[in-house]
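Have a look at the structure that comes next, please.
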Amino acid sequence: MLARAERPRPGPRPPPVFPFPPPLSLLLLLAILSAPVCGRVPRSVPRTSLPISEADSYLTRFAASHTYNYSALLVDPASHTLYVGARDSIFALTLPFSGERPRRIDWMVPETHRQNCRKKGKKEDECHNFIQILAIVNASHLLTCGTFAFDPKCGVIDVSSFQQVERLESGRGKCPFEPAQRSAAVMAGGVLYTATVKNFLGTEPIISRAVGRAEDWIRTETLSSWLNAPAFVAAMVLSPAEWGDEDGDDEIFFFFTETSRVLDSYERIKVPRVARVCAGDLGGRKTLQQRWTTFLKADLLCPGPEHGRASGVLQAMAELRPQPGAGTPIFYGIFSSQWEGAAISAVCAFRPQDIRAVLNGPFRELKHDCNRGLPVMDNEVPQPRPGECIANNMKLQQFGSSLSLPDRVLTFIRDHPLMDRPVFPADGRPLLVTTDTAYLRVVAHRVTSLSGKEYDVLYLGTEDGHLHRAVRIGAQLSVLEDLALFPEPQPVESMKLYHDWLLVGSHTEVTQVNTSNCGRLQSCSECILAQDPVCAWSFRLDACVAHAGEHRGMVQDIESADVSSLCPKEPGEHPVVFEVPVATVGHVVLPCSPSSAWASCVWHQPSGVTALTPRRDGLEVVVTPGAMGAYACECQEGGAARVVAAYSLVWGSQRGPSNRAHTVVGAGLVGFLLGVLAASLTLLLIGRRQQRRRQRELLARDKVGLDLGAPPSGTTSYSQDPPSPSPEDERLPLALGKRGSGFGGFPPPFLLDSCPSPAHIRLTGAPLATCDETSI
């Protein structure tokens, strides 16, 4: 079902008055969640955030009833089609989403297979066919593979009819057995290259070229030095033309995390790595038969924020391919810490030429007596160099294919697949490090700005279903926007780009996001401050638009966002001045909520006021007679400043503080006297009732001859005196006092809820969020 939500209309603003009478002796504590107002926030913090209520108008959703796990996405630009692999189903949707009914293939698991799956100890929800691979074979057919209730199957689909999966065959070694197993696959030259596990238990990892019969595949050796409990992330192909080497071979790169065999501590250390094989590899004639002779791997280093320590888990890797002739691709990876409780995400960029340089460097040899790796000396490396693709220079040496390589070369590469040096990120450090967001997926594309300069824009999917849009400026990523994607938090499982649209797959749906939605930026300053390479302010249209390379009458500033020099001075919007009545000495927090987390804010207050404490949520003021007056929060970004919030601090009912204090004291004395009088009358009535009951008992004793002067045996005497008040009751004279069925003197409509602690009174119906009586 396709659905497009309408843009929500803003409701009426609340009146700028307090809808309740000022309290007599309560401290008014203002507290809201807002952007920081003191200090400079890092660019890893999103500049703006759109909750689901605002973001929903920019999203288009697709979901089929009773269908889940929309995790496999494939975009076919030629046919403008998005293929979606879900649980037991495959869909074909026209791009961009337009409401057209999608085509669907149901690829169900027979009940006999499901019974066998359950007999193997698997849960009912696991015994389905989770689609894991979708790949374009040619213009007429797709290849697809699914888990098929822990018995992987593969088949082809005729895209013109799109009715069923045909020519089924075993998918073992191509597709994982369950969706929780990380895998990767890529099609190169009509051939499928995969990285997955080969057995039911998931203990035999394999990187293979799946052509023909399984026994004829070229695959990795079953040695822990080759692959040691890997979690595969991505697979990518680079052609020789992208290297500028027309005589070379296609190279397939696999990105994964595996357990290190080098024991630097008592814990199992996870290491992110990249491996490479050559498309023309035929294996060895005797040694490494049906095995890769070009398999090399190296560490990927993405230093963490603490002591330069590398992040140990690779979560995702995206490839950004420039236009033909505009340079080599670049890889963007998301890294996280392997240690529980360390919520660290880092984004690093890697250049293919840096990876190739490491693969051409020294090998590492693992010394079994010390469990540490040492570099192999150059004079110990045989010739021709092990692990190289067969190129023209090797053919000149009579090595026409890998089948003609000598055994000493094959033996060396079998025993030394790991390189000694790591691959460092471009610029030597991460582009982005955050300690409060868990990134799971990434895609990237290159956008040309109004000036003609190109910028890389990254889309980062989070663990709780948010989308962060970031632009790379120099050696830093600046997170421009946080977009909530789903009504309920859920991980982002897959992402694909199609022109100006981003397709996001999750457990419950596929979401289409417009990546060039400039129209929501309503003013010149908002358009410039957004720093979006796609958007520019048009003076002719008086709107923020996607510039599409047009320069006339448009302005944009990606790196400086200098509003003051590009935009005309906009009429200032003065916020409503909220009057804040206070009645006793205490602390008041005045909120300041700028629209941008990157804005720097200052407070203007009455002269002579010094008892002020800037906070992340506003300004804390110590209430004194000298603190009364006007307060304003002014925020600046891009050279433009405006007042965000304004307050007037006054004594409760516009009377002087001394008269107010006298009134409070007088009211307190009157209340105390009335309380004493009421207590005396109550005790008198209780005494009279007890006396009358005693007289009736004495008369009854005279009649039956019983002595009620002492308690009967087996009972305990007790006193009828009222219990003394508890210390908690004595702390809360205001909370216990009621007037007009209200609480603490406030009428019932402004009571929010019962307080978890009787020392806190919560109010509603006004910008005063919290009253804390314990601060009085």
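All positions are counted from 1 along the displayed chain.
Cβ coordinates are placed from backbone N, Cα and C, and glycine is handled just like the others.
The feature disulfide bond is assigned by Swiss-Prot to C117-C127, C145-C154, C278-C389, C302-C348, C518-C535, C527-C544, C592-C633. The domain 'Ig-like C2-type' annotation in Swiss-Prot covers 585-640. The feature region 'Disordered' is assigned by Swiss-Prot to 702-741. Annotation comment: Swiss-Prot describes 1-39 as signal peptide. Look at Swiss-Prot and you will find 687-776 tagged as topological domain 'Cytoplasmic'. Taken from Swiss-Prot, the feature transmembrane segment applies to 666-686.
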Can you tell me how many other Cβ atoms are located within 10 Å of the Cβ belonging to C278 (disulfide bond)?
22
Can you tell me the CA-to-CA distance separating C592 (disulfide bond) and C154 (disulfide bond), as a whole number of Å?
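A Cα-Cα distance of 58 Å.
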Grab the pLDDT values for the topological domain 'Cytoplasmic' (687-776) and give me their mean, rounded.
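PLDDT averaged over the stretch: 39.
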Three-state secondary structure of C592 (disulfide bond) from DSSP?
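Once the DSSP labels are grouped into three classes, C592 (disulfide bond) ends up as coil.
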Could you state the whole-number distance in Å separating the C-alpha atoms of C117 (disulfide bond) and C535 (disulfide bond)?
52
Near C527 (disulfide bond) in space, meaning Cα within 10 angstroms, which of the disulfide-bonded residues do we find among C127, C154, C518?
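Passing the 10 Å Cα cut: C518.
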C154 (disulfide bond) has how many other Cβ neighbours within 10 Å of its own Cβ?
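For C154 (disulfide bond), the 10 Å Cβ neighbour count is 22.
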Within 10 Å of C535 (disulfide bond) (Cα to Cα), which of the disulfide-bonded residues C154, C278, C544 do you find?
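Among C154, C278, C544, the ones whose Cα sits within 10 Å of that of C535 (disulfide bond) are C544.
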Non-local Cβ contacts of C518 (disulfide bond) (under 8 Å, 6 or more apart, same chain)?
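Same-chain residues close to C518 (disulfide bond) (Cβ under 8 Å, separated by 6 or more) are C527, D532, V534, C535, A536, C544, V545, A546.
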Least buried of the disulfide-bonded residues C117, C544, going by other Cβ atoms within 10 Å?
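Across C117, C544, these disulfide-bonded residues, the one with fewest Cβ atoms within 10 Å is C117.
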Considering Cα atoms only, can you say which of C154, C278, C348 is the nearest neighbour of C127 (disulfide bond) among these disulfide-bonded residues?
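The smallest Cα gap between C127 (disulfide bond) and any of the disulfide-bonded residues is with C154.
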Among the disulfide-bonded residues listed here, C127, C527, which has the most company in the form of other Cβ atoms within 10 Å of its Cβ?
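Per the Cβ count, the most surrounded site is C527.
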By DSSP assignment, list the helix, strand and coil residue numbers for the domain 'Ig-like C2-type' (585-640), in that order.
3 helix, 29 strand, 24 coil
What is the Cβ neighbour count of C389 (disulfide bond) at a 10 Å cut-off, with all protein chains included?
20
Quick check on the disulfide-bonded residues: of C145, C348, C535, C592, whose CB has the lowest count of neighbouring CB atoms inside 10 Å?
C535
Of the disulfide-bonded residues C145, C154, C278, C633, which one has its Cα closest to the Cα of C348 (disulfide bond)?
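Given the candidates C145, C154, C278, C633, the nearest one is C278.
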Return only the integer: C-alpha distance in Å from C154 (disulfide bond) to C302 (disulfide bond).
36
If H, G and I count as helix, E and B as strand, and all else as coil, what does DSSP give for C389 (disulfide bond)?
coil
